[in-house]
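Undergrad: Can you keep this structure in mind? I'll have questions shortly.
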Amino acid sequence: MCGIVGIVDAGGVSFPLYYALYALQHRGQESAGISTFEGTTLYTHKAQGLVAEVFNSQTLQDLPGNAGIGHVRYPTTGSKVPENIQPFNFRYRGLDLSIAHNGNLVNTAELREEYERRGQIFCTTTDTEIMGSIIAEALRTSKSMEDAVLLCMRRLRGSYATVALLNDTVYAFRDPLGIKPLCIGKLDNGYIVASESVAIDALGGTFVRDVRPGELVRIDESGLTSTQIATANRKAYCIFEYIYFARADSVMDGTLVYDVRRRIGQKLYDVRPTEGDSVCPVPDSGIAYAAGYAKESGIPFLEGLMKNRYMGRTFIMPTQQQRERAIRIKLNTVRGNLKDKRVVLIDDSVVRGTTSRRIVNMIRDAGADEVHLRVGSPPIIAPCYLGVDVPTRTELIANGRDVEAVRKSIGATSLTYIPLEDLVEAIGCGEQNLCTGCLTGCYPVEINGEKSCHSIVDYVSGTHQSDLSTFKAGKGRT
Ligand code: AMP
């Protein structure tokens, strides 16, 4: 999972890109990068670390220009090496291309082999470089980004929300099923496209709409235009964005994520009304769910866990002992809110089960009488190949275990997951428009050795339809 942003703004873009990436930091903490273009030069600064560690005011001043893109990385493909940090730059016949991608391709190996057979040399191990090669190949013959994105959509299998900077023009496109989110905002003197609407809010911009699945958006100094490159018979919005990944204050494909989570919390009570003395969220992701559960049940919302928000990434600690210690620093109990209580503990998901087990133990150690775990997703039984770091089947605690076996393993007094139909109802767009691969083992794109639910994609070939009448905007106009 990663965060992407593209901005064209007459007042310069490096600082706005920086603040937008800051708002998207939850989508990736491994590395960050920005590319901008001015005159005839493409400028890039990227490094490992958090946004605030990678950039300072000098590095931002050294990124001039009114058009640019940015990326925060959470590694799903390609190892954690500096050459895999995005954006990636390509130079062809006087054209400078920089691209940044959120998602995961599932036919990278085939494409890579084909391109290597033709003599192409790759500098990284990421799927994004393949996308760059396909775009560059199309640009070599046609110079039209529409043709390049059409070729991408025909050839790439998987999820991709992509921003590209071609000289001083920003392009953004979303795979035909819309698996990864991408939205458009209006700024005072330009436009922004970003993974989540919180990046638009951070810049004081106005949310315009989501980029449609299969759509290519072009932004330059004269405004924003759009071309529908492909259309599919369904959508496949990533269900895990709603469950865990997106910020609760983001509006995603028409729905405020906080509302979805609150509705799930309400439904969690309705499917199994439980007596308790307090509703306690696992911070931060469980908070909206717990608000809904507390409202529906009438049981008081009472925080029994506090998160240290200044703590970095625990998973990079090299030893188990160090990781255990890091978790204790990251999360602590509020003993007075837990002692002698029947606690209804709410979390968004259980993946490996190690976090839940540890938290249930901490709450029991703090003196709770009972710990009833309520989970905002159904059991996660299958890996994600489309951009979320959900591990292999053998690592998933719910794979091959029934709910009672998971409960025992975690040590909770009782355990209830939200049923899939309730989750889908809480999101509101219908199961046929969601990717539920990690919950059902059935994926919206073909993946070797896995079950796939059929999706049909039509491509606009030859001339491309431009819906300028509904979506043309000059500089400074909405
Ligand atoms: P565990 O069951 O130990 O694997 O941890 C699950 C918890 O980690 C969930 O409650 C989420 O808050 C969080 N989580 C879930 N999925 C991911 C993911 N792909 N990457 C990082 N954290 C995650």
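Even glycines carry a Cβ here, placed using N, Cα and C.
What TrEMBL records for this protein is below:
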ACT_SITE  Cys2  active site, nucleophile
BINDING   Cys238, Cys384, Cys435, Cys438  [4Fe-4S] cluster binding site
BINDING   Ser285, Asp347, Asp348  Mg(2+) binding site
DOMAIN    2-222  domain 'Glutamine amidotransferase type-2'
Undergrad: Could you tell me which three-state DSSP class Asp348 (Mg(2+) binding site) falls into?
TA: coil
Undergrad: Please list, in sequence order, those recorded positions from Cys2, Cys238, Cys384 with the Cβ less than 6 Å from ligand 1.
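TA: By the Cβ criterion, which requires under 6 Å to ligand 1, there are no hits.
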Undergrad: Just jot down the residues in the same chain as Ser285 (Mg(2+) binding site), at least 6 apart in sequence, with C-beta under 8 A of its C-beta; none if empty.
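TA: In sequence order, the residues whose Cβ lies under 8 Å from that of Ser285 (Mg(2+) binding site) (at least 6 apart) are Tyr244, Asp347, Asp348.
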Undergrad: Measure from the Cβ of Asp348 (Mg(2+) binding site) and count the other Cβ atoms within 10 Å, all protein chains considered.
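TA: There are 24 such Cβ atoms around Asp348 (Mg(2+) binding site).
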Undergrad: Reported as an integer number of Å, what is the Cα distance between Cys438 ([4Fe-4S] cluster binding site) and Cys2 (active site, nucleophile)?
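TA: Just about 18 Å between their Cα atoms.
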Undergrad: Would you list the other residues of this chain near Mg(2+) - those whose C-beta lies within 8 angstroms of the C-beta centroid of Ser285, Asp347, Asp348 - in sequence order?
TA: Ile243, Tyr244, Pro281, Val282, Gly286, Tyr289, Ile346, Ser349, Val375, Gly376
Undergrad: Fill in the CA-CA distance, Cys2 (active site, nucleophile) to Cys238 ([4Fe-4S] cluster binding site), as an integer in Å.
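TA: Here the two Cα atoms lie 13 Å apart.
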Undergrad: For Cys384 ([4Fe-4S] cluster binding site), what is the secondary structure state per DSSP, taken as helix, strand or coil?
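TA: The three-state answer is coil.
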Undergrad: Can you work out the mean pLDDT of the predicted model over the domain 'Glutamine amidotransferase type-2' (2-222)?
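TA: Looking only at the domain 'Glutamine amidotransferase type-2' (2-222), pLDDT averages out to 94.
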Undergrad: Name them in sequence order: residues not among Cys238, Cys384, Cys435, Cys438 whose Cβ is within 8 Å of the mean position of the Cβ atoms defining the [4Fe-4S] cluster site.
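TA: Here the nearby residues are Ile179, Ile239, Phe240, Leu386, Gly387, Val388, Val390, Thr436, Gly437.
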Undergrad: Give me the long-range Cβ neighbours of Cys384 ([4Fe-4S] cluster binding site): same chain, 6+ apart, Cβ under 8 Å, in sequence order.
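TA: Counting only residues 6 or more apart in sequence, the Cβ neighbours of Cys384 ([4Fe-4S] cluster binding site) under 8 Å are Phe240, Val390, Gly437, Cys438.
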